[in-house]
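J.: Pulled these from TrEMBL:
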- Arg66, Gln84, Arg89: substrate binding site (BINDING)
- His167: active site (ACT_SITE)
- Glu271: active site (ACT_SITE)
Amino acid sequence: MSMQLVPVELCKGINGLEKVVLREVRGFSAEVYLYGGHVTSWKNEHGEELLFVSSKANFKPPKPIRGGIPICFSQFSNLGSLEQHGFARNRLWSVDTDPPPFPTTSSNKAFIDLILKPTEEDMKIWPHSYEFRLRVTLGPGGDLMLTSRVRNTNTDGKPFSFTFAYHTYFSVSDISEVRVEGLETLDYLDNLQNRERFTEQGDAITFESEVDKIYLSTPTKIAILDHEKKRTFVIRKDGLPDAVVWNPWDKKAKAMADFGDDEYKYMLCVEAAAIEKPITLKPGEEWKGRQELSAVPSSYCSGQLDPQKVLQSS
Ligand code: BG6
């Protein structure tokens, strides 16, 4: 008798924190912690982990989890008066049992809806009423989709503005073997040089030292080519014009308590974001920001994959 697959399971994760496990028939899986509304795992059909989570990550509130997909809301980085990257990544989200319908219905079974609303304490640091709905879906082909819907529910008639990022940590075989395609010739703000504006020159982005850049008005598709693993990650995004590329490299890695000294070699953050132009919502208005991740086998060196084709295909 064949075992019945449970596509969505709520269970206990590290340190007893609640997590949701999503499973697809072909063996793909993903895990989402209610703490932070934080995706901490995305595995392919061979059980290989596609996201990076530090071996030193704290799964202990109020520290955010180092790795996976932290949600940066309502502030990216230190661009405002809130704590670094805002508060959503260290709040306890709830399962949303009755989310408003999406305009398009899909037959996906492996998805979970989470919701974050402010407490009275939260209102003291960001005096706005909102509903943040996050849907995490594992597609039948293993794609991982995150859709955020933020609604202004202020009753005082006031609009609010926010910046946002899906701070995705991708697992890579060796950072020096990785290139990012799709950001060539774009303008960026360099976080390592007082956020001065520069224009990217030349070819795809490769890595040989610390990188911390906010690329502006980027295309909706970005590819991360991992030659050694023969794997390409494709990020498709909607409602998120910017893209942050971050690798701390050796010195910053050593300075982070929740990150191994050598782990910078095995990760790369490419973050679908809305930073340069904050999103403003009037009461009753809703914003939607979506990212879809896929991991495809590639053999760029042997010419099987033309990165331009990856970027141009729909
Ligand atoms: C990136 C920022 O998005 O996140 C970096 O561009 C920052 O400047 C990095 O160092 C990590 O931030 P944190 O708060 O998770 O250590």
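A Cβ is built for glycine as well, from the same backbone N, Cα and C atoms used for every other residue.
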J.: From the centroid of the CB atoms of Arg66, Gln84, Arg89, the recorded substrate site, which same-chain residues not already listed sit within 8 A by their CB, in sequence order?
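T.: Not counting the recorded site residues, we get Lys63, Pro64, Ile65, Pro70, Cys72, His85, Asn90, His167.
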J.: Return one of helix, strand or coil for Glu271 (active site), based on DSSP.
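T.: Going by the DSSP assignment, Glu271 (active site) falls within a strand, counted as strand.
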J.: Looking only at Arg66, Gln84, Arg89, the residues listed as binding substrate, what is the longest Cα to Cα distance in Å?
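T.: With Arg66, Gln84, Arg89 as the binding residues for substrate, the largest Cα distance is 13 Å.
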J.: What count of other C-beta atoms do you get within 10 angstroms of the C-beta of His167 (active site), across all chains shown?
T.: 24
J.: My understanding is the cutoff is Cβ-Cβ under 8 Å with a sequence separation of 6 or more in the same chain; which residues meet that for Glu271 (active site)?
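T.: Residues satisfying the criterion: Cys72, Ala165, Tyr166, His167, Thr168, Ala243, Val244, Val245, Trp246.
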J.: At a 10 Å cut-off from the C-beta of Arg66 (substrate binding site), count the other C-beta atoms across all protein chains.
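T.: I get 22 for this one.
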J.: Out of Gln84, Arg89, which of the binding-site residues has the smallest number of neighbouring Cβ atoms within 10 Å?
T.: Gln84
